[in-house]
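Novice: Copied straight from Swiss-Prot:
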BINDING   293, 295, 299, 305  Zn(2+) 1 binding site
BINDING   377, 378, 379, 418, 648, 651, 652  S-adenosyl-L-methionine binding site
BINDING   654, 707, 709, 714  Zn(2+) 4 binding site
COMPBIAS  72-82  compositional bias 'Polar residues'
COMPBIAS  520-530  compositional bias 'Basic and acidic residues'
COMPBIAS  532-543  compositional bias 'Polar residues'
DOMAIN    367-694  domain 'SET'
């Protein structure tokens, strides 16, 4: 009882410190007046009748065991004469009453007032709900029974935008910290269900959800990490510029934006929740998936689930794998990185999508993220709540391009250089070096990738971007049969990571550079992506063509690939990264899969990924052979310059709290993994989320980019 009183006292002290005590009672009074008027004139809904009855009934029970039902009006007035219990229950029931105070169900003056203070109301609701849930079910005792769907409380009407770890609490679960015995010094977390059953670990949570056939709570909504707090208090700063959801409702959870430093807004870009074109549009359906499962118990048994076996089988072939069997997720959390990728259950699988523990990335982000302005690194991303280790954060999305197109559109010479661009780069070097870092690094004069390594290695000249405002992340693979390695980000000049296995080799090449807008207002010319077929060219950067491409893929689920060959000098065979313009940021991921060959032809095969009107009539004629050729030996860029998701704003850190994991969702074709970010440790609320770009300092002597991550083990330089 003392603990409850302490919680209530803390609740009101916090409101008093914020000067919101008067505000909350004004809101309660408005709610009561609204309910009173509607009951008197008969315009109240059933929900409002019930809310009013519960409010008065519970307020009366505080001082008397006699319910308001059957009591006379005189008794009610007598029992309600003490104002303190009534107001206490009013604030406890405020969270139930507020939803009915919409513009449709309340007085006009109340509606206007609530709209202007909406953020404060929602914040207060969260605090009140947490206190009320704890108070209402703390004395619940467990009685032996077989759990079923009747043990669960009804799901709240709207859970979107909530802390995912708060959802069980809103469904009348209790999260408790306790010692396992009197001699133990460590605290452990346990959950108490609405029916009184104790859940001591995630395995018991899964069994309970399986028994109750729950379809609105999942194992990743529960955390048994004692460091994770469900409602962490942090000082709030004044927002200069903000946005409730930069995804405009595309994501399952709103992605907010907040600038507490200046009035600068996010650069214009098209929000894409996943990669476009979709992988299933670029893959022959007959070879899209190599296996599928029909599990009935959540896909946790590797002896029964074909998808878990596929992940384990590929992981075993990796020279980096351990002797321990790797199955991927453990109850929807990733315990360690799997170089060969995770194969999630697909649309061909017959398992229950809600109970399946091997479906994570395909459900989209669940944690609350916020894009914000950092002090030194430009835009960044932070979490608004505590996140447990192994939690999925987001993917890196964008537009999938054919590198051949980007090279052509930029007019790169055979040596991969642009003399005018190089002059701009070095003339701006000193001026821009101080102002930029991590997510906003100025021009990067380096060879963005190396050539595919053959038995006889030759060096390629570096290629410079003609746009000093971009971030390019690039990954290249030389094919190992049945192996897909993680996209290791390494400096490409001569530091390529090469893995030998079964007489074949795989190399990873990636690089990136980011720049803020120049102080002189320099803006590079905007490049256009061209669709070509049989000599015809169309500008695909226009909104009309963009919309056409989107509609085409949705309606036909088929994409045509145009192929042509172009003779190039031997030196241009070096696969060099091309870059695209961006007002603030450029990120791309390039993947190449090739088999090393003796006496390789000097012809460079170029294929166009995108469709235009002229290709529409040819889509039905696309054969499986042409798709196979498209996947073989081609280079793709995942470009987030103008289109992408929240992942495009993630910064670098030498000690990151995110790891990068390839995940196969829409196809098992190793050309098209989703690049997903998971937490590699517990992350506290309001902490910036970062990943290691993987550069090695000193690889480009002409350019130095200093790191601003500020960790103890900082490498001081990104390049």
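The backbone N, Cα and C atoms fix where each Cβ goes, and this holds for glycine too.
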Novice: In whole Å, note down how far the CA of residue 299 (Zn(2+) 1 binding site) lies from the CA of residue 379 (S-adenosyl-L-methionine binding site).
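Specialist: Distance between the two Cα atoms comes out at 39 Å.
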Novice: C-alpha of residue 378 (S-adenosyl-L-methionine binding site) to C-alpha of residue 299 (Zn(2+) 1 binding site): distance in Å?
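Specialist: Given the Cα positions, residue 378 (S-adenosyl-L-methionine binding site) is 42 Å from residue 299 (Zn(2+) 1 binding site).
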Novice: How far is it from residue 651 (S-adenosyl-L-methionine binding site) to residue 293 (Zn(2+) 1 binding site), counting Cα to Cα, in Å?
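Specialist: Just about 37 Å between their Cα atoms.
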Novice: Let me know how many other Cβ atoms fall within 10 Å of the Cβ of residue 651 (S-adenosyl-L-methionine binding site).
Specialist: 24
Novice: Can you tell me which of the binding-site residues 293, 295, 299, 654, 709 is spatially closest to residue 377 (S-adenosyl-L-methionine binding site)? Compare CA atoms only.
Specialist: 709
Novice: A 10 Å Cβ contact count, applied to the binding-site residues 295, 654, 707, 709: which residue has the minimum?
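Specialist: So among 295, 654, 707, 709, the binding-site residues given, the one with the fewest Cβ atoms within 10 Å is 654.
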Novice: Which ones, of the binding-site residues 299, 707, 709, 714, have a Cα no more than 10 Å from the Cα of residue 652 (S-adenosyl-L-methionine binding site)?
Specialist: 707, 709
Novice: Only counting partners 6 or more residues apart, tell me which same-chain residues put their Cβ under 8 Å from the Cβ of residue 293 (Zn(2+) 1 binding site).
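Specialist: Residue 293 (Zn(2+) 1 binding site) has long-range Cβ partners 299, 304, 305, 306, 307, 308, 345, 349, 350, 351.
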Novice: State the Cα to Cα distance, in Å, between residue 707 (Zn(2+) 4 binding site) and residue 648 (S-adenosyl-L-methionine binding site), rounded to an integer.
Specialist: 18
Novice: Starting from the Zn(2+) 4 site formed by 654, 707, 709, 714, give every other residue of that chain whose CB sits within 8 Å of the mean position of their CB atoms, in sequence order.
Specialist: 652, 653, 655, 708, 710, 711, 713, 715, 716, 718
Novice: With a radius of 8 angstroms around the mean position of the C-beta atoms of 293, 295, 299, 305, what other residues of the same chain does the Zn(2+) 1 site pick up?
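Specialist: Apart from the listed residues, the neighbours are 294, 298, 300, 301, 304, 306, 307, 308, 345, 349, 351, 356, 358.
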Novice: Rounded to a whole angstrom, what is the C-alpha distance between residue 654 (Zn(2+) 4 binding site) and residue 648 (S-adenosyl-L-methionine binding site)?
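Specialist: With the alpha carbons as reference points, the distance is 18 Å.
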Novice: Which Cβ among the binding-site residues (299, 714) has the fewest C-beta neighbours inside 10 Å?
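Specialist: 714, out of the binding-site residues 299, 714, has the fewest neighbouring Cβ atoms within 10 Å.
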Novice: State the three-class DSSP label for residue 293 (Zn(2+) 1 binding site), counting H, G and I as helix, E and B as strand, and everything else as coil.
Specialist: coil
Novice: Using only C-alpha positions, which one of 295, 709, 714 is spatially nearest residue 648 (S-adenosyl-L-methionine binding site)? These are the binding-site residues in the record.
Specialist: 709
Novice: For the C-alpha pair, I'd like the distance in angstrom between residue 714 (Zn(2+) 4 binding site) and residue 295 (Zn(2+) 1 binding site), rounded off.
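Specialist: For residue 714 (Zn(2+) 4 binding site) versus residue 295 (Zn(2+) 1 binding site), the Cα atoms are 46 Å apart.
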